[in-house]
Amino acid sequence: MPVITLPDGSQRHYDHPVSPMDVALDIGPGLAKATIAGRVNGELVDASDLIENDATLSIITAKDEEGLEIIRHSCAHLLGHAIKQLWPHTKMAIGPVVDNGFYYDVDLDRTLTQEDVEALEKRMHELAEKNYDVIKKKVSWHEARETFVKRGESYKVSILDENIAHDDKPGLYHHEEYVDMCRGPHVPNMRFCHHFKLMKTAGAYWRGDSNNKMLQRIYGTAWADKKALNAYLQRLEEAAKRDHRKIGKQLDLYHMQEEAPGMVFWHNDGWTIFRELEVFVRSKLKEYQYQEVKGPFMMDRVLWEKTGHWDNYKDAMFTTSSENREYCIKPMNCPGHVQIFNQGLKSYRDLPLRMAEFGSCHRNEPSGALHGLMRVRGFTQDDAHIFCTEEQIRDEVNACIRMVYDMYSTFGFEKIVVKLSTRPDKRIGSDEMWDRAEADLAVALEENNIPFEYQLGEGAFYGPKIEFTLYDCLDRAWQCGTVQLDFSLPSRLSASYVGEDNERKVPVIIHRAILGSMERFIGILTEEFAGFFPTWLAPVQVVVMNITDSQSEYVNELTQKLQNAGIRVKADLRNEKIGFKIREHTLRRVPYMLVCGDKEVEAGKVAVRTRRGKDLGSLDVNDVIEKLQQEIRSRSLQQLEE
């Protein structure tokens, strides 16, 4: 009979099989009431599952991350329960957990309106408030199939036929009259599922295949308590205010249009930000001793076949043909950099050779996945490839890691999560090659005292990689930087150097990107700063304004002086009230507004206001210019007097 070992090392002995709920009751009624599931020998199980042999047990409650995930999964079932009551002929497909919530794909003979979604959410609340027990039954494959055939649930039948072995015992979860199928675990009672909200609907193909029927996907969020739900909804509200698409339109940064899906039309102010980022990156390339190159954006398909990209990546590549030759528009820069490396004989004395490019790349992303600047088809990578010997790998990866943290700190990103992605099932190269590559990356991270976690199977097909995920002011994750070893591509493209022994050797390539897509990074910065870009990055850094026509000449002289000092400045001489001008430029997020009245003209000074509404008073013009230059030169995140 089972001996149950608890997390504190204490043991409980039983003369019969027990469930996690039984053990929780044995410990105390308070814990039993809070029990959502159990972790038995490291595996999540339902609170009602029986433990027949000696085992370790942790009780899972809403305070645990796993508990919250189970609540969200059960809310998906609750959605199914409610929608089948409102529209009984609905066919249920899949309802998994996603970040911060859940969704359910449904086949419904009507397009859900906002009113329908509100009615569905209301019915979900009515059902949850009944606090009914969720009953789990393990049944045979045949019984499960018969159950869903009788209920007309063709998608569940398809899952059973195609994804579940005939000797398996699927779990059926009974929510009163509603039945769903799942591996589980799920909540034992719906009292845990009171704090949720349906968020939106979207289209989704069954099994993600555009040849299949388009279903309706209903998204929801769910939390352990009302406070957490409200906090999340407030974060979403703030995120909506910061949406880069909205701010991009307000500030006239860029636009997208149907004739060029996923391609950016940069306007003057947006392109100014883009070019300033390039200047910043170039300064770091110089500091870390990189060459800058430029390769063609289109190359013969034969080259992409040599690299392995054609076999592994062709669905994401745009192609064209001319004079009976097929060309691929590059989705990445590495093959072109190898061609540059291959020009001329290289010696071990030439290594490491660090080659960088603002590479214009194109990928055929699905139209439904496109999202402003965050997901595009045409983008520019701050890409680099380091050609080095095996002995140089560790030092070069260390330098890449330092460069990543150096650059991110400029923008104020402090929370950075690092993951090491290992070999995928679909890959090129030997296991020995992968063993060596993965070990080199892990050691480099350890030497820099950087905590990291493994992402098993998530590496690129040609090598493992380190991924740097930064978190913004709303605690949203953005995966931007990568450092990736590649022992395969150099040999595929015949790259070589002459070693100290006068023998030809194959270099190692380290693929390195820090900002990633420049377009996406500008989208991230737009939302991080809510359009209040630091002065060095702002498209217009200063606006000089007159109060009446009598100050126009002084404004023009001051504007010219600021321009000569390297400051991006505009003069506003319109015949408008000064309050109107200040409001307009404040809405445009211009960092500084310099107001010139008669007193300022007489004293040779200027009244300085910030976009945050702070009045810095009347200051000497030369002092203002000097302070602005220092703020811009240092790429400060703070404005004067902040």
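Cβ atoms here come from the backbone N, Cα and C positions, even for glycine.
Remember, it's a predicted structure, so these values are computed and weren't measured experimentally.
DSSP assigns HIS385 (Zn(2+) binding site) to a strand in the three-state reduction. The Zn(2+) binding site annotation in Swiss-Prot covers CYS334, HIS385, HIS511 and rests on sequence analysis.
If you look up Swiss-Prot, you'll see 1-61 marked as domain 'TGS'.
The region 'Catalytic' annotation in Swiss-Prot covers 243-534 and is backed by sequence analysis.
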Restricting attention to the region 'Catalytic' (243-534), give the mean pLDDT.
93
So which one is it: of the binding-site residues HIS385, HIS511, which has the fewest other Cβ atoms within 10 Å?
HIS511
Have a look around CYS334 (Zn(2+) binding site) and count the other CB atoms within 10 A of its CB, chains all included.
24
Other than CYS334, HIS385, HIS511 themselves, what residues in this chain have Cβ atoms within 8 Å of the centroid of the Zn(2+) site's Cβ atoms?
MET332, ASN333, HIS337, ASP383, ALA384, GLN484, ASP486, LEU489, ILE509, ILE510, ARG512
